[in-house]
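As annotated by TrEMBL, transmembrane segment applies to 39-58, 114-135, 142-161, 202-224, 230-253, 337-358, 370-388, 394-416, 428-451, 463-481. What TrEMBL records for 41-486 is domain 'Major facilitator superfamily (MFS) profile'.
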Amino acid sequence: MATKTELSPTARESKNAQDVQVDETLIPRKVPSLCSARYGIALVLHFCNFTTIAQNVIMNITMVAMVNSTSPQSQLNDSSEGLPVDSFGGLSKAPKSLPAKAPVYDWSPQIQGIIFGAVGYGGILTMAPSGYLAGRVGTKRVVGISLFATSFLTLCIPPAADFGIVLLIVTRIVQGLSQSSILGGQFAIWEKWGPPQERSRLCSIALSGMLLGCFTAILIGGFISETLGWPFVFYIFGGVGCVCCLLWFVVIYDDPVSYPWISTSEKEYIISSLKQQVRSSKQPLPIKAMLRSLPIWSICLGCFSHQWLLSTMVVYIPTYISSVYHVNIRDNGLLSALPFIVAWVIGMVGGYLADFLLTKKFRLITVRKIATILGSLPSSALIVSLPYLNSGYITATALLTLSCGLSTLCQSGIYINVLDIAPRYSSFLMGASRGFSSIAPVIVPTVSGFLLSQDPEFGWRNVFFLLFAVNLLGLLFYLIFGEADVQEWAKERKLTRL
């Protein structure tokens, strides 16, 4: 993703550059190569997001093995009587023998909801500041330090759970601060690395790592829990994060000028494609104008409603399959992970499709809104239909797979719309919009846990209907007020000190 930035002395001296879309006729034409440095940067970000989200969601699959609501106190499942149950008290058909010395806890649905949501508290606080900070000091430092922090805290989850619920929740909150800094701070790198005409595909490659992380964590999380014990899920993914952190500091550079392994032709291509862009790192943020901007609010609310959809799928797919269809923990992981590998493929294809439509003279706002509609409405409609289908888990998994796959089309829609309307402040606004939307992962587990505990018979219907209503309202607001033109307050000639 490209934002308004300057990468050469010539660009720094261009004080009157306008925040307009780059005319492709002025940019040297170069066929994108998957072996190029910028796609290498996107691939490393892909693995960084893979690690971050995997560490985020492993709690959702291990919870099936961690909870034993039949026991009033925490105990060790060193016999077949300590069977894992689904997250809301229903006995799942788990294996009759689990690894010895794997702790099992008596956590109510409300406590589980708090544990699930705790990691999201940090997103509200750090998304926008991390985006702004990355624009100032560089993505390499902000994301690299945060990646190490979340990996270390992942290793600390099992002992924290043994020590007590309060320490576990605090650890999850601090872990959320680190993970949110990764998600909010990474977008600043495209200010210097992303040609404008390749925004959608570079962004899709990077963000699709989240989906691959969900797939891998949910798929093998159940297997590891069953064979080694749930604590090893955290130890393994925490260790992978530490290795990924080393790779990050070795490979990532904040700009192509200082990158040692880039070809001269690619360096010139990236710099020339961004020479009209103006950097905003030393300019004040027009906060008042941002708060009054309906297009900004439409992005924030649209992202919030879509995150409500994604949070429900990520947190409750394992629990839904386990409690409704009574499959064991290994099959639960396989069935729960399937939608995310499909979403991983569709997400990357969607980025290429969006850029293709732009080459066919589609209006930019039309492409963004089409991608958002296809990523929101069908997905929520498929999920809300699940409780009304008298079918087996294969049909349910197929619908969940299709719903999850289509949802990733929003990556090429609402999630990068900020780059269109305010490219000068994209790193901050990307973090701010993601931070606002991260309220959803905090609310969803708590509200859903309450609905499921209050109404065991119709709990899932209530959860899914609420999902559909929130998603529809956010989508409508975005369709009415969403824009793709650079806003007046985001142009240099309109910039005022606040």
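In case you wondered, yes, glycine gets a Cβ from its N, Cα and C as well.
Unlike curated records, TrEMBL annotations are generated automatically.
Tallying C-beta pairs under 8 angstroms between the transmembrane segment (428-451) and each of 39-58, 114-135, 230-253, 337-358, 463-481 places 114-135 first. In the predicted structure, the domain 'Major facilitator superfamily (MFS) profile' (41-486) carries a mean pLDDT of 82. Through the fold, the transmembrane segment (230-253) approaches residues 40-41, 44, 47-48, 50-52, 54-55, 58, 61-62, 65-66, 102-103, 139-140, 143-144, 147-148, 150-155, 157-158, 189, 217, 221, 224, 259-260 of its own chain, all at least 6 residues removed from its boundaries and within a Cβ separation under 8 Å.
The transmembrane segment (394-416) makes no contact with the transmembrane segment (114-135), as judged by fewer than three Cβ pairs under 8 Å among residues 6 or more apart in sequence. Remote same-chain residues near the transmembrane segment (114-135) are listed as 56, 59-60, 63, 107, 142-143, 146, 165, 168-169, 172-189, 191, 280-281, 285, 311, 315, 427-432, 434-436, 438-446, 449 (criterion: CB distance under 8 Å, separation of at least six residues from the stretch ends). Cβ atoms under 8 Å from those of the transmembrane segment (337-358) belong to residues 197-205, 207-208, 211-212, 214-219, 313, 317, 364, 367, 370-371, 375, 397, 400-409, 411-413 of the same chain, restricted to positions at least 6 beyond its ends. Against the transmembrane segment (142-161), the recorded stretches 39-58, 202-224, 463-481 differ in Cβ pairs under 8 Å, and the greatest number is found for 39-58. Within its own chain, the transmembrane segment (202-224) has Cβ neighbours under 8 Å at 1, 38-39, 42-43, 45-58, 60-62, 64-65, 186, 190, 193-194, 230, 232-233, 236-237, 314, 317-318, 329-334, 336-338, 340-341, 343-344, 347-348, 350-352, 408, 411-412, 415-416, counting only residues six or more beyond its boundaries.
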